[in-house]
Amino acid sequence: MRLSDLVDVPAGAGAAAPDVTGFAIDSRKVAPGTVFGAFHGSAFNGEDFIPAAVAAGAVAVIARPDARVEGALHIAAAEPRRRFAELAARFFAPYPETVVAVTGTNGKTSTVEMTRQLWRMAGQRSASVGTLGVTTADDQVKTGLTTPDIVTFLSNLSGLRTMGITHVAYEASSHGLDQYRSEGLTVSAAAFTNFSRDHLDYHGTMEAYFEAKMRLFDEVVDDHGTAVVWTGDPKSADVIACARRRGLKVMTVGPGGETIDLKSRSASPLGQTLVLGHGGKDWTLKLPLIGAYQAANVLVSAGLVLATGGEWTQTFAGLGRLSPVRGRLERAVITPAGAPVYIDYAHTPDALEAAISALRPHVEGRLITMFGAGGDRDKGKRPQMGRVAAAGSDLVIVTDDNPRTEDPAMIRREVLAGAPGAREIGGRREAIAFAIGEAREGDIVLLAGKGHETVQVIGTQVMPFDDAEVARECAA
Ligand SMILES: CC(=O)N[C@H]1[C@@H](OP(=O)(O)OP(=O)(O)OC[C@H]2O[C@@H](n3ccc(=O)[nH]c3=O)[C@H](O)[C@@H]2O)O[C@H](CO)[C@@H](O)[C@@H]1O[C@H](C)C(=O)N[C@@H](C)C(=O)N[C@H](CCC(=O)O)C(=O)O
Ligand SMILES: Nc1ncnc2c1ncn2[C@@H]1O[C@H](COP(=O)(O)OP(=O)(O)OP(=O)(O)O)[C@@H](O)[C@H]1O
Ligand SMILES: N[C@H](CCC[C@H](N)C(=O)O)C(=O)O
Ligand SMILES: [Mg+2]
């Protein structure tokens, strides 16, 4: 591709139409022929690296109008990240023909993964992209962040198309939306799961956090796209209003939903029975997953499948055959005393409440909840998580969950402020061993916060740690 295929190259501008060989947002990844994006970040100002990028062979630099660019074409843009996404998307095209995105505080990973499974059961070649990495029927490749950088995102999507994947569901995190990290390609449908407190360290206020999420409906999804909205959230009406303002087709799912009405839900030992209304008919099905939150996520997934041409009887039949998602109410082991131990990725107050209420109906004795809160992340959620755990559990153990560069004892103190009666055990392994040792027959142990994670980050050290594995070791 020539630079002039992407942008107007002014006549007489040195190399009039050089070949573009790639796109980079990091000067250290620039090779001859690269288009470099110079962005203001939280740690660095990418504009400081423009000379290094040009020296490494950048043919063009996308940067604010007043940035200094010498020796390469300056593609000036008031919002360089947005312009970069647009141009890079043209470079990496084509993409899978059906791409959908999911936003919300909790449930994104679960929803994209269930969407992938439903499509697969309907015979489509599908993938999901998000916190678990890039997942296809045959493989799972980790990427590190929920929404990796825009270059990784677009090249992954393009790679999936090359592999023959036609359907992709991806997570649109609020950080990713705010930083234009997952867009530029045609997104046919966008879903909203729910909204509650998280990431205020980054967004500052709940309003700014919500606005970041709404970019998915305001700007990212295609003009002719569909919004799939869970009905059961206090913010659902705002999302619907936003989608209608944009002229999107709106499909609502959940209690009272127009597309899928969740008429009733009853827990059974191994899952739950749902009665769904669709197109004037009722459909009863057994979902092999427990908890209201999992029912909510699968209905949003079903909505996305219907929004992209799925046939409803096949889609609903698929719900009964879904496999669990790693680290989301995953039963890791049963202790020698007979108590099941569940791993769950709840790391917000709302998620912890959802995980606790999912397990509650199955508890005959005590619910023993162990959790912590991540360092270098939203501090205000810590006492709230403490309160939710204390209110819903019979025994609470506060431990460490990726303290990162913060003092772990300080984080625990902030959590304990909301759960004064809780037991404090710093080391996560010791805390898991204690929880498992305490559990008697009829009790349930919930190990929350890390889910699928396989590391514990202490300071800048990244140590192997997998709750499920440690639980099995402690129960052996
Ligand atoms: C706060 C935040 O979101 N930071 C992300 C952001 O970095 P940034 O734009 O602030 O970058 P920066 O380090 O200040 O540097 C500015 C620019 O200079 C460039 N640079 C820097 C050094 C150099 O030598 N040359 C150079 O060109 C950088 O590549 C960058 O473009 O963009 C980077 C690439 O796109 C991300 O890797 C980085 O994620 C950091 C590591 C992170 O921890 N992010 C977390 C908080 C995150 O995004 N989490 C969400 C989870 C949300 C959820 O699931 O709920 C996620 O989507 O994963
Ligand atoms: N619909 C929901 N309502 C409330 N809580 C939920 C819902 N879905 C998931 N959760 C809780 O949130 C946890 C994380 O779920 P999931 O990984 O699907 O969310 P996510 O939005 O991808 O999270 P992240 O922002 O970290 O990527 C679950 O383990 C569960 O405790
Ligand atoms: N165990 C985790 C969950 C992190 C979830 C992630 N989405 C984030 O907040 O960046 C932690 O707090 O370290
Ligand atoms: Mg996720």
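Any Cβ shown, glycine's included, is placed from N, Cα and C.
The domain 'Mur ligase N-terminal catalytic' annotation in TrEMBL covers 20-78.
Sequence annotations record features per position, and here TrEMBL assigns domain 'Mur ligase central' to 102-304. In the predicted model, the domain 'Mur ligase central' (102-304) shows an average pLDDT of 96.
Per TrEMBL, the feature ATP binding site maps to G104, T105, N106, G107, K108, T109, S110. K108 (ATP binding site) counts 26 other C-beta atoms within 10 Å of its own C-beta, drawing on all protein chains shown.
Positions annotated as domain 'Mur ligase C-terminal' by TrEMBL: 327-451.
For the recorded site, G449 (meso-2,6-diaminopimelate binding site), the DSSP three-state label reads coil. Here TrEMBL flags R377, D401, N402, P403, R404, G449, E453 as meso-2,6-diaminopimelate binding site.
As annotated by TrEMBL, motif 'Meso-diaminopimelate recognition motif' applies to 401-404. Sequence-distant contacts of the motif 'Meso-diaminopimelate recognition motif' (401-404), counting only residues of its own chain at least 6 positions beyond either end whose CB sits under 8 Å from a CB of the stretch, comprise 347, 371-377, 411, 428, 449-450, 453, 455-459.
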Least buried by Cβ count (within 10 Å) of the binding-site residues D401, E453: E453
Site diameter for meso-2,6-diaminopimelate, Å, by largest Cα distance between R377, D401, N402, P403, R404, G449, E453: 16
Local Cβ density at N402 (meso-2,6-diaminopimelate binding site) - other Cβ atoms counted within 10 Å: 24
Three-state composition of the motif 'Meso-diaminopimelate recognition motif' (401-404), taking helix and strand from DSSP: 0 helix, 1 strand, 3 coil
DSSP three-state assignment for T105 (ATP binding site): coil
